Amino acid sequence: MTNPIGDIGGADFILAIGTNTTESHPVIGLQVKKAVRNGATLVVVDPRRTEVAGLAHHHLQLKSGTDIALLNGLANVIISEGLVNKEFVDTRTEGFEALKEAVAKYTPEYVAEITGISPGVIREVARGYATAKNATILYTMGLTQHICGTDNVLAVANLAMLCGHIGKPNSGVNPLRGQNNVQGACDMGALPNVLTGYQSVTLEDVRSRFAAAWGVSELPAKPGLTVGEMIEAAARGEIKGMYIMGENPVLSDPDADHVIHALEKLDFLVVQDIFMTETARLADVVLPAASFAEKDGTFTNTERRVQRVRKAIEPLGEAKPDWQIICLVATAMGYPMQYGSPAEIMEEIARLTPSYGGISYQRLESRSLVWPCPAPDHPGTPILHVGKFARGLGKFHPVEYVPPAELPDEEYPLILNTGRRHFHYHTGTMTLRTGALEEYYGREHLEINPADARSLGIADGDRVRVVSRRGQVEVTARVVDTVPPGVVFTSFHFPEVAINKLTNTARDPVARIPELKVCAVRVEKIA
Amino acid sequence: MAEVTLTIDGRQVTVPAGTTVLDAARSAGIFIPTLCHDPELTPWGGCRLCVVEIEGMRNLPASCVTTATNGMVVHTASPAVVEARKTIIELLLANHPEDCLTCGRNGDCRLQDYAYLYGVREAGFVGERHHYPLEEDNPFIIRDLNKCILCGKCVRACAEIQGKNVVDFAYRGFNTKITPAMDTSLSGSDCVFCGNCVAVCPVGALQEKGLRAAARTWEVKKVRTTCPYCGTGCTFDLNVKDGRVVGVTSCDGEVNGRALCVKGRFGYGFIHHPDRLTKPLIKRSGVFEEASWEEAINLVAEKLGSIKKEYGSAALGVLSSARCTNEENYLMSKFTRVVLGTNNIDHCARL
Amino acid sequence: MANVTLTIDGQKVTVPAGTTVLDAARSAGIFIPTLCHDPAIPGFGACRLCIVEIPGMRNLPASCVTTVAEGMVVHTASEAVIEARRTIIDLLLANHPQDCLTCEKNGDCRLQDYAFMYGVRQTSFHGERKNHPLDDSNPYIIRDQNKCILCGKCVRTCQAVPGRSVIDFGYRGFNTRVVTAMDVPLGESDCVYCARCVAVCPVGALTYKPMAGKGRTWEMQKKSVTCTFCESGCTFELNIRDGKVIGITAKEPGPGRPLCLKGRLGLELLYVEKPMTPMLKKDGQFVPVSWAEALGLEGLVDRMKEVEGQP
């Protein structure tokens, strides 16, 4: 996020795209509700009528995967109606002419054809966003899990820069990240192309600095493979061994049967987790890890805030914190790795990572810190891009609409959309074992529009089979009008409804994010 | 902003104009008891426990809804004030179950605190009492309306923190109670069980089902930490008793204040779930067998080492975790690059 | 000494012959609730809360007075045991004030602990209740006989002190209570307020008067100190609330000598903010003077001031 969570409550205009905020980020949802109570205009872009969409002044129920057309359409109106923040565009950005040219054809009428949203609404939303004092854009996986995920984000950035709604309070471009420490895992260089603080592995001086600190002569220079690419490489027999820590790709990744096949093909798989997950079952060795309650550490939240995790109890049985296990494996492989505590590890991180340079456990004891925090006396940076973008001028990146990789046809006439439920989390490893959440919400269902249900002869509560080109699952139907005709929805929390057996592995070419929000399926009633 | 100066218990106190007498007193470190007041919620003036004596005013005004003015003279603990507070507590106790013995909030109850403080040992009034059935048909929250003192904090928290407006006052007079629409149970309503009403309830009317059955309030050690679910990063206190996490309670988090969602507040049960892995496992002939750490680590080291030797570093891949700490992800990155010699490391940021 | 092996809740336990079932269970880490039992004064068997099920035995024996035997099988938490314990608690509560609200023992009361543990929310019996006046006839101990569960720990503790035996059971049946000789208030008895009885009382029947109204049990931090008044070296606990010592309570008596009262007095000296100014009689009138003047050191101080600053 460019801005803190607390800023959302003070915005005058909120454009929420592909975010089921009140269910997936309930506490951020409170800020959205607060803003609306204080008179802000809320616009929600989502094919489904979620709770937050119900609160919106405009719910743009667009056709799945047509976000770029909509965003370009908004830019078109802003430019053609002279609502551009000229001062901001002139002094802070470059490439405006190219953008202007690219969005010229996305008139509201043209966009309406693609998205299904009326031209009048598009105009009204564009005017509202452009003329608001402080407008903020929120988005999550509904925007990014598309083959054009990167372009979607660029289109959002274009919009914010056009109106100067960035680099100031109560505005910005704000991805709401879905996992407790997904931001931190990226910051720490658990990515194939960068080391900590997004320092590229391809840069010689970066590598040599890390090599020196880590006491080795050199580090690999070639960017590695992403999750999906590793799975592919494993399926082809090119990757022979994998070490998986606290991840459950069998349920979380698209085309689950293919993931299982790839992992089974490995010569050796070690999985480190707190439960025997669907992925761990495939392992040769399973190492028992400690839960968050059993270790010290830090998490970095979606607004880049580094916060302490504190040990409350001893690890269960013989389980060990992940950091200790990694040290043991590294040491056994001939590279002695020893730390007295996570605080010591953070000292090393701070030395190697400019954006974490001023972060220490001593400072975190009294309050959290938002990176970039380059020095021990730096207060942290809650708002990014104030006065200047990281690269200097903000560059407009013109992007074009492309349809999703797999669209409905006669054989698979419906679009399957996936996401999360309020009472559960990710692959359900934790929330299905709480003694409370699963008791209240213990069974998954498939949401289907009454029109589709009627034509398929499906009644509420019927068991149905959902089939795509890659797999099938059985689930109970719930007939609701919160999904539009032609779209069905369910979550990926429940192993018995492993919906990612069906989803499409088609990926965004840059971010390599799979298109989990759109694939073609058919639904059959089970006799 | 303009300031006003008033005298509270003989002390000169200067505060910004518009400040309530309650806030003025508290800013000067002067104690005034409250039940319905909450700094985050709209002032209510319902419980009247914060009454004070203000020279020249009729009756005893509630300090939480009385604005401080220049020259005002306030007495927060005069005999009239203390007597009024005692009577209010007696009246509340007249219709409050006497079951501190087993009440989950015993030890963390404002009504109890004030009864002790003002030496109100018993109700002093005898009359009709409520006999509402206990509402415990959901796995998260127990509602005991017999203990409700109608302070309305839950109503305001639901409206002003959670924005749901699930509960409100219903009926009149003695029959007044807090209910969801149509007087259903919470599980029959739109309630999402965030428990933010529980966090503000000053008595035992709303209690966390698991936590309050597992431990007395004085038995738990609270450990402040960060929620392990979504990316919001809410802060909360893990409640620990005898080495077990028995519950989660709100604290004043930098991101979330006291607000939490159902997963953060009630989704801690996985920590001690019997399915937890507690021993290293090695698969032999397709079946997992328990092993020692030494054996397991040596096997991992040997296997990864031999693949690296035979097929090169590119034949190895690592999935780090968006669920683990920064320190662990850092070490995994270091391990992958230094020990395995590859950049094949990723995690499910995209999922 | 010979050992015997028995089975408690499926667990083999080996203990010296003569050990009670209660001690055997506790040595194996198995919990059994007790009210009247105290390791220092064992073998009373009155409260019956420690009952267990031993197949082959009639009824449910009290584990604190049942000696282990070879091959004995014990169930400490069978359905019958739990039900009996619940009934015992229920009966105790039938004649116990429901005033945890303001009770000084709230938070550190065994009866409360067990009521919570066994889920006895309120008594199911209704009948006559005791209505004894509060005995606060002395400055040290408050006796509330209405809360007394007649476990006899205070009686036995008092008797263990040579030459004391200030209290004992008096009257019969429902009227039974712990009394001083001739049933006079404690303040008129031979009691020296060693407060060992208060230290062992499991409920709110005996509490420290100096601490009444000063804080709840869960607000107190405890710190052990050794008394310095005499060579016995008794230990006390400081009760600290918000950083301030608000009371001193008895712990273990020193060897060979009871806890006396002295060690717990003088607390107020801790918080004398300013010592009083010394007074000197001048012309038949006391007038405040400096310490230097009172101690006759004025000349010396003046001289020191003169010398100061000189090379």
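Glycine is treated like the rest: Cβ placed from N, Cα and C.
Per TrEMBL, domain '2Fe-2S ferredoxin-type' is recorded for B:2-80.
Helix, strand and coil residue tallies for the domain '4Fe-4S His(Cys)3-ligated-type' (B:80-119), in that order: 22 helix, 0 strand, 18 coil [DSSP]. The domain '4Fe-4S His(Cys)3-ligated-type' feature in TrEMBL is assigned to B:80-119.
This prediction places the mean pLDDT of the domain '4Fe-4S ferredoxin-type' (B:139-169) at 95. As annotated by TrEMBL, domain '4Fe-4S ferredoxin-type' applies to B:139-169 (among others).
As annotated by TrEMBL, domain '4Fe-4S ferredoxin-type' applies to B:182-211 (among others).
The annotation domain '4Fe-4S Mo/W bis-MGD-type' is assigned in TrEMBL to B:220-275. With DSSP classes pooled into helix, strand and coil, the tally for the domain '4Fe-4S Mo/W bis-MGD-type' (B:220-275) is 9 helix, 22 strand, 25 coil.
Remote same-chain partners of the domain '4Fe-4S ferredoxin-type' (B:139-169), defined as residues 6 or more beyond its termini with a Cβ less than 8 Å from a stretch Cβ, comprise 35-36, 38, 40-42, 44, 46-47, 92, 96-97, 103-104, 111, 129-132, 176-181, 185-186, 189-210, 212, 257-259, 262, 265-266. Outside the domain '4Fe-4S ferredoxin-type' (B:182-211), and at least 6 residues removed from its termini, the chain residues within Cβ reach (under 8 Å) are 35, 38, 41, 96, 103-106, 109-111, 135-149, 151, 153-154, 157-158, 161-162, 164, 166-167, 170, 239, 246-250, 258-262, 265-266, 269. With helix defined as DSSP H, G or I and strand as E or B, the domain '4Fe-4S ferredoxin-type' (B:139-169) counts 11 helix, 6 strand, 14 coil.
For the domain '4Fe-4S ferredoxin-type' (B:182-211), the DSSP-based tally of helix, strand and coil residues reads 13 helix, 3 strand, 14 coil.
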